[in-house]
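In TrEMBL this protein carries:
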- 35-69: repeat 'PPR' (REPEAT)
- 167-201: repeat 'PPR' (REPEAT)
- 299-333: repeat 'PPR' (REPEAT)
- 400-434: repeat 'PPR' (REPEAT)
- 539-573: repeat 'PPR' (REPEAT)
Amino acid sequence: MHTELFRITSKIVAYGKSGQIAHARKMFDGMSQRDSVAWNAMLASYSQLGRYQEALSLFWSMRVVDTKPDHFTFTATLSACAGSCQLRNGTKIHALILVLGFQSYLPINNALIDMYGKCLSPSTATRVFEEMNLRNEMTWCSLLFAHTKSCQFELAQELFAVLPKRVRIAWNTMIAGYARYGEVESCLALLKEMLEDSCWPDQWTFSSLISACTESSEHFYGSMVHSFIIKSGWSSAAEAVNSLLTFYAELGCRGDAMKVIESIGTLSQVSWNAMIDAHMKLGATNEAFLAFQRAPEKNIVSWTSMISGYARNGHCEQAVSFFVSMMRNDLKPDDFAIGAVLHACSSLGVLGHGKMVHGCILRNGFHAYVYVGNGIVNMYAKSGDLEGSIRAFGEIPNKDLVSWNAMLFAFGLHGQHNHALKFYKEMVATGVKPDKVTFIGLLMTCSHSGLIEESREFYEIMRSVYGLSLEIDHVACMVDMLGRGGYIAEAKELANKYLGTGFSDLSSFEALLGACSAHRDVVSGSYLGKALKDLEPHKEMSYVLLSNLYCASGQWKEAEMVRKAMLDEGVKKMPGCSWIEFNNFKVSSMIENPTALKI
């Protein structure tokens with residue numbers, strides 16, 4: 001019996017390592033007898049493949065059948081908690097570790113620090129660290145990561161200064177921490193110290209440095225690091241090459257991205273995925289599709305890159321189609337694929353597609369992920385199902401600020417200003433602090449509902465009470481609201497206040513021109529329309545609004561001159577478009593608005 005148990009467990013491990021997790025689980029479920037080693041093999045396989053929810057579900061099943069966990073069980077399960085950022089499950093497992101007396105095991109304590117760090121609870125990670133009698137390099141680096149992950153760079157620097165030994169992983173942790181926030185100069189300063197400390201960088205160091213340049217859109221620094229990568233002999237390392245591809249693609253440097261692709265020798269699966277992603281970021285969807293077809297192997301990252309790329313480039317039907325094809329190929333989605341297809345469904349506004357994806361989320365256990373729940377709220381709102389948004393919001397286990405903002409926008413999108421304002425009060429009462437996005441939602445809701453005094457109040461308290469600085473969208477919302485209400489002079493004064501400050505874009509003036517058109521203020525509208533035409537001669541908005549203004553005021557000759565100027569510039573007006581949903585597809589009817597400009 002022992003030999004048979006060992007043989008099956010070995011097969012489970014082998015299937016797990018090769019990614020054939022369904023075969024591993026089938027073999028596991030068919031076992032007549034299981035010991036803790038068999039459970040650990042299945043747990044570790046799930047955790048290593050990123051199937052965190054299934055790992056946690058299996059752990060609790062193990063507890064139900066009363067199989068005693070060991071230190072391997074706890075490290076694998078804590079890894080799943082860390083990967084899925086499930087702090088609540090992590091704290092429950094920590095309590096169980098204390099009850100069963102495993103708190104003196106070094107690997108378990110390291111896994112606890114890692115879990116608390118990834119779940120953004122650095123203070124608890126520090127407590128675990130302080131209670132440890134035995135530490136190693138991984139202990140110190142895990143706590144270092146906990147501080148950098150939570151943006152506690154002062155504490156990270158203090159800890160870094162007292163490290164028993166500054167190993168390469170510690171340097172890389174510090175550089176990667178600053179890179180996440182685009183702090184290029186801090187990363188380069190650390191690189192200089194690292195070299196002075198006779199610690200030579202590796203591909204992970206360079207990958208983090210390039211990521212910092214990508215995050216901050218610093219082309220000069222990125223090119224400089226690229227040169228250093230070549231001189232250091234790491235130009236063929238997969239991580240460095242893939243980061244360079246992402247960098248040039250994000251900055252729109254098609255030529256440089258193509259040179260990186262051409263320089264790659266043997267393409268690994270990671271390289272193929274990076275190439276697909278780079279093409280998508282450059283807007284070259286056909287090239288991305290060809291690369292996807294040519295890739296000898298396709299994993300979940302390959303499919304997700306295609307789904308998210310199509311959605312990002314406005315090809316949302318293709319994104320949903322790819323998601324369905326992925327499922328038909330027996331490839332189970334991960335949380336990133338779910339997030340990408342939810343974005344596509346939200347853009348399409350097709351409720352049938354959204355409900356299909358929601359069902360997939362429930363079947364695969366992704367409803368516990370907060371950002372997936374937020375995506376579901378948004379999807380139902382944009383698909384016209386406010387009740388669905390409300391239900392989805394109620395089902396999010398640990399709501400964050402994005403959850404509240406998504407629901408606030410849902411009410412505003414459906415014209416439910418009373419519910420939106422009540423919801424905002426409930427949000428504040430629960431201790432959730434609003435941010436700039438919250439106030440954009442509130443100002444938009446008030447603007448479209450004509451709540452002028454409420455808009456003014458929100459505009460004021462976001463600065464005076466919450467200390468939030470104004471952004472373009474806040475000003476545009478206020479200008480739009482004042483203009484809709486007929487307060488043209490006040491709207492013009494507000495728009496002019498930020499003109500030329502480098503703060504305001506032209507959206508405020510487009511909103512103001514629309515208000516002039518609606519209220520037939522020919523003098524102000526003519527001035528704004530001509531100014532916008534000069535600033536953006538190839539945008540249709542100023543021509544359309546100005547022509548509508550002249551037509552509404554009976555100034556046919558002036559309207560004709562605007563039409564001629566539009567034709568001379570080669571600007572075409574997109575016709576008005578109405579949509580109906582038929583058999584889960586949106587059918588468009590291109591109908592010209594009779595009051596809009598006709599060419």
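Every residue number used here counts from 1 along the chain in the order it is shown.
Here the Cβ of each residue, glycine as well, is placed from N, Cα and C on the backbone.
Through the fold, the repeat 'PPR' (400-434) approaches residues 370-371, 373-374, 377-378, 380-382, 386, 389-390, 393, 441-442, 444-446, 448-449, 451, 454, 462, 466 of its own chain, all at least 6 residues removed from its boundaries and within a Cβ separation under 8 Å.
Counting residue by residue with DSSP, the repeat 'PPR' (35-69) contains 26 helix, 0 strand, 9 coil. In the predicted model, residues of the repeat 'PPR' (299-333) average a pLDDT of 90.
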